[in-house]
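Here Swiss-Prot flags TYR14 as phosphotyrosine, drawing on experimental evidence. Residues or ranges marked as phosphothreonine by Swiss-Prot: THR62. Among the features that Swiss-Prot reports, region 'Interaction with the L polymerase' is placed at 49-105, with the record citing experimental evidence. Annotation comment: Swiss-Prot describes TRP138, THR141 as site 'Involved in oligomerization', evidence class similarity to another entry.
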Amino acid sequence: MDNLTKVREYLKSYSRLDQAVGEIDEIEAQRAEKSNYELFQEDGVEEHTKPSYFQAADDSDTESEPEIEDNQGLYAQDPEAEQVEGFIQGPLDDYADEEVDVVFTSDWKPPELESDEHGKTLRLTSPEGLSGEQKSQWLSTIKAVVQSAKYWNLAECTFEASGEGVIMKERQITPDVYKVTPVMNTHPSQSEAVSDVWSLSKTSMTFQPKKASLQPLTISLDELFSSRGEFISVGGDGRMSHKEAILLGLRYKKLYNQARVKYSL
């Protein structure tokens with residue numbers, strides 16, 4: 001390392017360094033290029049024949065060429081393929097295409113209602129091929145149908161398929177008509193006079209709170225239903241008691257669970 005350092009220091013102080021480098025480049029440019037073979041001959045290296053394993057490879061290539069030419073007769077020639085250099089046409093299929101029936105199995109099962117000592121169980125199998133989002137939508141639909149049973153009788157609903165899905169309609173219930181024969185010079189009792197609970201639609205009913213910090217709940221049928229027709233359409237009946245009609249309205253407005261927790265219904 002010390003000698004190399006000294007050489008570097010000397011070259012830095014050598015005043016004719018650039019001139020020497022230029023002369024070396026000029027000599028190198030004028031030197032004639034020679035192949036490795038010529039360099040070996042200059043050094044007295046004799047040229048030898050190819051090794052035996054190279055000759056064996058050459059002999060095998062020569063012998064295999066006629067074989068390839070003979071086998072080419074077994075391949076069907078494609079006129080377009082002849083225009084591509086180095087392309088060899090492969091053997092063509094000598095059988096005709098056959099139609100194969102493909103049957104896709106399905107694991108879907110129709111709804112099954114089971115009964116045991118714990119009660120009834122309904123099993124629904126979801127359709128195949130649903131994405132995660134589609135399966136979530138399917139579950140939400142089933143849940144909505146089940147929850148709607150609180151507000152109407154599903155067994156009496158009509159079922160209609162549409163382009164967008166399914167339409168379920170409630171069967172309209174015709175209210176009973178009570179004939180009242182008036183009696184002259186008599187004053188009927190309140191129970192006899194009230195033949196339809198809707199006649200009490202403006203009468204409020206009060207429910208006491210379960211906690212002293214809450215105010216009593218006072219509500220009427222008019223606040224829960226816009227009309228008698230709406231009351232009837234969600235399962236109301238003129239023969240209901242006033243309290244039953246109020247509770248039906250709370251369920252219809254989805255207030256029943258909140259009221260049940262806070263008030264004595």
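Cβ atoms here come from the backbone N, Cα and C positions, even for glycine.
Note that the coordinates shown come from a computational prediction; the quantities given were computed from them, not determined experimentally.
Along the region 'Interaction with the L polymerase' (49-105), the predicted structure has mean pLDDT 58. Per-site Cβ counts within 10 Å over the recorded positions TYR14, TRP138 peak at TRP138. Here the CA atom of the residue listed as 'phosphotyrosine' lies 94 Å from the CA atom of THR141 (site 'Involved in oligomerization'). All chains included, 12 other C-beta atoms sit within 10 angstroms of the C-beta of THR141 (site 'Involved in oligomerization').
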